[in-house]
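As written in Swiss-Prot, here are the features:
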- Gly169, Asp170, Arg171, Gln172, Thr173, Gly174, Lys175, Thr176: ATP binding site (BINDING)
- Ser373: site 'Required for activity' (SITE)
Amino acid sequence: MQLNSTEISDLIKQRIEQFEVVSESRNEGTIVAVSDGIIRIHGLADVMQGEMIELPGNRFAIALNLERDSVGAVVMGPYADLAEGVKVKTTGRILEVPVGRGLLGRVVNTLGEPIDGKGPIDNDGFSPVEVIAPGVIERQSVSQPVQTGYKAVDAMIPIGRGQRELIIGDRQTGKTAMAIDAIINQKDSGIKCVYVAIGQKASTIANVVRKLEEHGALANTIVVVATASEAAALQFLAPYSGCSMGEYFRDRGEDALIVYDDLSKQAVAYRQISLLLKRPPGREAYPGDVFYLHSRLLERASRVNEIYVEKFTKGAVTGKTGSLTALPIIETQAGDVSAFVPTNVISITDGQIFLETDLFNSGLRPAVNPGISVSRVGGAAQTKIIKKLSGGIRTALAQYRELAAFSQFASDLDDATRAQLEHGVRVTELMKQKQYAPMSVAAQSVSIFAAEKGYLKSVELKKVGDFEAALLSFMNSEHAALMKLINETGDYNAEIEAELKAGLDKFVATQTW
């Protein structure tokens, strides 16, 4: 079959008429300077604050300094091959990360890319890393507990769903251990967890992931990693990425817990970026907006009301409140809580758990200082039975500390003072707890009941731990129904008190430890 010239020209004309040009207008600029992960770009007239700038090699930078004739941007990744004269483009997009249930059980980097070798992630969409926190009207008061599994915390410094509770202390005082145990304790509670590791060694993070897996908590947890060897920009943005992943559950009427380990390293990364961008330094060389750096992050942790959830899900979820509980960690230097970053975060959060080196070294673990540790809103969320029983624990410990210091100077003590000291030292011993061994509400209740009702008086100090272990074993076997009831309801009444007393009386009379 032969086509004549007329048919060929008609065919070409038809194809030309059908051809659609898809044009995209994008602003292009030129790199004029590169130094330490910071690039200065000329020619990007319409760039937004925080916008992603496309670099060669499928990399991005984030615009942080918008100046009269140039833009200062921080590179998200390696920058060694970038040089003066390289062309870059605006994207019109703010940085987003993948969110959804597919991230549970996975280890990802700041950008939400998997780094655990388990293949691609099945996400439910994307969310911006910078989100405005829910307003006052959209929030609900904190009234449900987050059980950490630690007697010392759940009894004296209770944490509620939607609260921000700071864990603060020097290095090697058990801050990460406490946060990891809190995550492990949520594996059957329905609370989804996010662990954000900032500026840590890769080996340390690998160990944390392994421990979570061993205790069956990884399937319920998202691990976001920005190691010490990664760019300062990734360390600075990691907490915001993790927060967006946690907000996915909060906004759908579920409960989530996020651990930032730790925000001191994030502040250092932000200080590095700010100094390289030539922003004026302030106290301790931190930039002027370092308070806002943490406040805008921690304000996103909240308990939102039913109206907010219904509005967000467009009616798909009704009658449910959502919460995001934050446990930020701050590392102090030589116990100095009055330094710049610690005081900032203390003023933002709803309380703090202060861990002391001296207590840790003396064998008291968790090394919680009950004197300056406080929970400002958790009391309303505390489980009924723990709240009722633990009232005297904090007082006993505070009085014991005071009397112990005083008794060093006094040669003879009256019987009442000696009894208080004996009680205080036994309660202190009872508060000790091993790592990776979180306790149920019922187990905590039995231990605290024994201390409050004077059952420890006749127990040798060095045998308090053995007494507790034997008591819990006895109660779990002989009073399993009571333990189950306490775990399920958390109630405390005369009937439960009578059964606890009967169980303890029988244990003391018949058992050895």
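The backbone N, Cα and C atoms fix where each Cβ goes, and this holds for glycine too.
Location within the structure of each feature annotated in Swiss-Prot.
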{"residue": "Gly169", "record": "ATP binding site", "Cβ contacts under 8 Å, 6 or more apart": "Lys175, Glu331, Thr332, Gly335, Phe354, Leu355, Glu356, Thr357, Ala367"}
{"residue": "Asp170", "record": "ATP binding site", "Cβ contacts under 8 Å, 6 or more apart": "Glu331, Thr332, Gln333, Ala334, Gly335, Leu355, Glu356, Thr357"}
{"residue": "Arg171", "record": "ATP binding site", "Cβ contacts under 8 Å, 6 or more apart": "Glu331"}
{"residue": "Gln172", "record": "ATP binding site", "Cβ contacts under 8 Å, 6 or more apart": "Thr357, Phe360"}
{"residue": "Thr173", "record": "ATP binding site", "Cβ contacts under 8 Å, 6 or more apart": "Leu355, Glu356, Thr357, Phe360, Ala367"}
{"residue": "Gly174", "record": "ATP binding site", "Cβ contacts under 8 Å, 6 or more apart": "Leu355, Phe360, Arg365, Pro366, Ala367, Gln435"}
{"residue": "Thr176", "record": "ATP binding site", "Cβ contacts under 8 Å, 6 or more apart": "Val208, Asp261, Ile329"}
{"residue": "Ser373", "record": "site 'Required for activity'", "Cβ contacts under 8 Å, 6 or more apart": "Met156, Ile157, Gly351, Gln352, Ile353, Phe354"}
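In sequence order, Glu331, Leu355, Thr357, Phe360, Ala367 are the residues of the same chain, not among Gly169, Asp170, Arg171, Gln172, Thr173, Gly174, Lys175, Thr176, whose CB sits within 8 A of the CB centroid for the ATP site. All chains included, 25 other C-beta atoms sit within 10 angstroms of the C-beta of Lys175 (ATP binding site).
Secondary structure at Gly169 (ATP binding site), taken from DSSP and collapsed to helix, strand or coil, is strand. Annotation note: Lys175 (ATP binding site) sits in a helical segment as assigned by DSSP.
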